[in-house]
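Q: Encoded as structure tokens, here's the structure I'll be asking about.
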Amino acid sequence: MGIQGLLPQLKSIMAPIGVEALKGQTVAVDTYSWLHKGALSCGDRLCKGLPTTRHIEYCMHRVNMLRHHGVKPILVFDGGHLPMKGDQETKRERSRKENLERAKEHESAGNSRAAFECYQKAVDITPRIAFELIQVLKQEKVDYIVAPYEADAQMTFLSVNKLVDAVITEDSDLIPFGCSRIIFKMDKFGQGVEFHITRLQRCRELDLNGFTMQMLLEMCILSGCDYLPSLPGMGVKRAHALIQKLKGHEKVIKHLRYSAVSVPPQYEENFRKAIWAFQFQRVYDPVTEDIVHLSGIPHGSSEDLDFLGPWLPQTVAKGIAQGNIDPITKEPFEGKTESSALAFDKVHLNRESSAPSNGKKKLDLPVQRNVLTNYFCLASLEAKRKFRAPKVTPKQQVLNGSLPSPRIEDSGTPDLIEDTSLPSNNIQVYQCSSEHFSSGTPLDDSINTASQCSSERVRCDIPRDDSASVSPQCSHDIGSDPAEDPDIEGNKVKVNFCNRSTIPTGSFLEGTLPGISDPFLDSHNTEPSRAAPRYAEKSNVVSANRNITVRSSYFKTVNKRVCTNQGEDECHDEDNCETGNYTLPGDQQRSSGGILKRRKFSDPQNFEDGMFQPTSPHESPPVADKGCDSDSHDGINTNSEGKFGCNVAHVNKYSGIAEKSMDKFAALISSFRYAGSRASGLRAPLKDVKNTLPVRSVLRPPEQRFGCTAKKTTRVPLQSRFSSDATNSTDVPDLSTFAYRPTTASAHSDQGKITSKATDAAAGPPDLRTFAYAPTRSTTSRFDQSENTRKAMCTADSPPDISTFEYKPMKSAVRRSDGSKFSGAALKAARRTSRS
């Protein structure tokens with residue numbers, strides 16, 4: 001656990017360091033901190049007792065990293081339990097049990113992630129786990145030592161006695177122990193931070209000037225450590241302030257008791273024992289091979305020192321230090337464990353062979369036993385059937401005198417095939433890999449061919465005569481040799497098509513290869529072979545110098561494929577691979593002039609002579625669907641003067657069908673001619689009764705018809721501005737009657753005139769100026785007031801004057817005898833306002 005909150009307070013004096021800086025030095029390593037980190041990846045297996053080596057591999061990776069950079073590591077293991085940490089060990093054991101129970105509950109509930117996290121907290125690194133790592137260290141010749149009790153005290157002993165140059169750990173307890181050089185937080189790349197005890201005076205977070213090692217130790221114990229828990233509310237900063245002020249733990253404890261802080265009765269005694277545990281703990285001395293104290297015990301102390309660790313015999317202490325005796329049970333370990341052996345095989349640098357952790361042997365299969373090779377190398381039953389050489393007539397020998405020998409072409413680089421003697425009575429069609437084979441062979445009764453390639457092009461050009469003798473030229477792909485089958489079926493040719501791809505004809509019809517002898521030429525043909533002409537385009541024509549055009553037959557039942565025969569026999573649906581059987585009848589009639597008629601699927605006896613006559617689009621006969629959509633065109637013939645690719649007469653039939661379809665579509669669309677109807681034509685448009693125009697006008701109506709013009713009213717001569725000008729309107733209410741006007745004195749003689757004028761204004765439209773607030777004037781006004789009134793009334797047709805809405809002070813209705821001069825001044829000011 002260490003000192004809680006101490007390392008963050010010393011951050012300013014921590015310096016980054018790399019493993020390269022430790023080259024040639026010896027470092028002590030807190031191995032249990034590495035084991036705890038490595039156990040995070042296999043906590044569930046360690047808790048269940050299942051064999052695993054991940055934690056060992058974690059430690060050995062870092063050991064090899066140190067050795068790779070020239071650093072000599074000494075791994076230090078924890079030993080037995082220290083009596084001073086009894087309470088702390090009890091708490092940790094209780095926490096591990098609780099986490100183990102939670103992990104089992106989560107695992108039974110199916111929450112594997114939460115269970116794994118609880119397993120990580122429940123892992124207990126036991127001496128048995130450490131023993132497995134020790135066995136690997138022995139085989140790797142890495143130095144190690146098992147402390148009799150605490151590894152922190154053992155590493156401090158090695159550091160103080162200059163047996164090591166630095167200590168690698170994650171525990172801050174080494175600072176109060178007095179270790180001079182510590183490396184914290186070292187990762188797998190060898191990067192960490194370095195603490196040096198000489199930098200304590202430069203700490204910025206805590207003022208440690210004047211602090212001795214005893215004061216630093218007491219400050220750490222007061223803030224809380226593994227040997228003594230801290231008091232409530234006591235942390236590193238408060239402990240630092242108290243120690244800095246009072247200089248000793250006795251005065252601090254006395255000060256806390258007088259400060260109403262709850263201090264347990266045994267706290268001071270336990271504090272003293274904690275100091276002794278940090279200073280005088282029992283450790284193993286590798287020089288004397290015996291147990292010694294971390295530092296010399298002062299003379300005169302006669303108390304029991306078993307709280308520093310019980311005394312052990314030298315043989316037991318040595319056996320524990322060497323890893324042969326369990327430091328807790330004090331019994332020897334059993335023999336070499338399986339996990340340590342497996343771990344050694346994994347981390348050994350010069351191992352010849354490594355065994356996997358699960359113990360399974362590596363599956364080593366020959367090439368032919370793999371699934372991939374089985375898929376490509378096994379031949380089907382059709383490919384294993386042998387072929388019988390057909391009989392050849394002299395007429396066919398003349399026709400096939402120019403057939404070429406087979407040739408191999410692979411990506412533009414010809415490779416010669418080994419010399420193979422093919423029998424004259426058997427022809428084997430090979431399985432395809434990446435080579436192409438072309439052979440000319442006459443047929444009498446039947447040919448049984450099979451192709452197992454994933455992409456092939458089967459092309460057969462067969463001239464026929466009255467005797468039903470056939471001489472095909474087929475280009476196939478070559479693979480492995482299939483076995484022969486004695487069973488032969490007559491009068492049928494079976495071909496398997498799988499994603500066929502077109503192969504240029506000209507590239508395979510030139511030259512001969514000495515490696516393969518043509519069975520037909522060897523046994524029957526006496527004329528020398530002549531090279532066939534090279535074709536620039538893909539075609540089903542075998543020879544251009546003869547007036548014979550032969551197309552290969554088609555499947556009888558072909559589903560889900562659309563095939564065309566204009567220049568090449570390719571299927572548009574190349575994604576589907578189907579196999580079909582078709583029959584070449586032995587008796588096929590041949591018309592005069594070298595015209596070969598194509599057989600129809602639905603009726604093999606239905607043939608037409610002559611060229612296909614184009615018909616009108618509307619008289620196209622219905623197309624019968626017998627399994628192939630576009631292959632079975634009735635009556636499509638070829639003559640000796642042209643090629644089959646030039647015959648496009650069947651286009652007229654489909655153009656007629658398309659024209660009929662377009663006529664129907666146009667007739668359907670023509671019914672929706674009304675503007676406003678939907679473009680989709682889902683429903684008829686709604687009839688507009690009011691609008692009878694065929695085309696709706698898009699012009700905007702004249703805005704003059706809707707223009708707003710001002711209505712002129714009859715002027716009333718010389719009306720007061722307190723009344724409205726309109727007198728002719730009787731329908732529109734006069735809003736001016738609702739205007740607020742202050743009442744004037746009843747003594748004025750002109751009050752009746754004002755009232756009568758306001759009444760006459762009810763007949764006209766409302767004047768906004770009547771809503772202006774204006775004070776009433778006395779009856780004894782000057783003569784020039786009428787001029788202002790006349791000017792104001794002349795502007796009735798113009799927009800209202802905003803100045804009329806100004807606030808004007810009212811004049812008193814009853815004139816005072818001494819206020820004449822003030823009345824005159826007020827009238828002049830009112831006159832100026834009205835003029836403006």
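For all residues, glycine too, the Cβ spot is worked out from N, Cα and C.
It should be emphasised that the depicted structure is a prediction, and the values quoted were computed from it without experimental measurement.
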Q: Taking Swiss-Prot at its word that ASP78, GLU150, ASP152 bind Mg(2+) 1, choose the one of ASP30, ASP187, ASP207 listed for that site.
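A: For the Mg(2+) 1 site that includes ASP78, GLU150, ASP152, Swiss-Prot also lists ASP30.
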Q: The Mg(2+) 2 site in Swiss-Prot includes ASP171, ASP173. Which of ASP124, ASP143, ASP165, ASP226 is also listed there?
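A: It is ASP226, as the record lists it for that site.
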Q: Rank the binding-site residues ASP78, GLU150, ASP152, ASP226 by the number of other Cβ atoms within 10 Å of each Cβ and report the first-ranked residue.
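A: Per the Cβ count within 10 Å, the most buried is GLU150.
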Q: Starting from ASP173 (Mg(2+) 2 binding site), work out which of the binding-site residues listed here (ASP30, ASP78, GLU150, ASP152) have their Cα within 10 Å, and give them in sequence order.
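A: Hits: ASP152.
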Q: DSSP on the compositional bias 'Basic and acidic residues' (84-108): how many residues come out helix, how many strand, how many coil?
A: 25 helix, 0 strand, 0 coil
Q: What's the CA-CA gap between ASP30 (Mg(2+) 1 binding site) and ASP171 (Mg(2+) 2 binding site) in angstrom, rounded?
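A: The Cα atom of ASP30 (Mg(2+) 1 binding site) is 9 Å away from the Cα atom of ASP171 (Mg(2+) 2 binding site).
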Q: Could you tell me the C-alpha distance between GLU150 (Mg(2+) 1 binding site) and ASP226 (Mg(2+) 2 binding site) in angstrom, no decimals?
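A: Each residue's Cα considered, GLU150 (Mg(2+) 1 binding site) and ASP226 (Mg(2+) 2 binding site) end up 11 Å apart.
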Q: By the DSSP assignment reduced to helix, strand and coil, which category contains ASP152 (Mg(2+) 1 binding site)?
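A: Note: ASP152 (Mg(2+) 1 binding site) is helical by DSSP.
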Q: Quick one: pull the CA-CA distance for ASP78 (Mg(2+) 1 binding site) versus ASP226 (Mg(2+) 2 binding site), whole Å only.
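A: ASP78 (Mg(2+) 1 binding site) to ASP226 (Mg(2+) 2 binding site), Cα-Cα distance: 15 Å.
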Q: State the Cα to Cα distance, in Å, between ASP226 (Mg(2+) 2 binding site) and ASP152 (Mg(2+) 1 binding site), rounded to an integer.
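A: Per the Cα atoms, ASP226 (Mg(2+) 2 binding site) and ASP152 (Mg(2+) 1 binding site) stand 12 Å apart.
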Q: Mind giving me a neighbour count for ASP30 (Mg(2+) 1 binding site)? Other Cβ atoms within 10 Å of its Cβ, every protein chain shown.
A: 24
Q: Based on DSSP, name the secondary structure state of ASP30 (Mg(2+) 1 binding site): helix, strand or coil.
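A: Note: ASP30 (Mg(2+) 1 binding site) is in a strand by DSSP.
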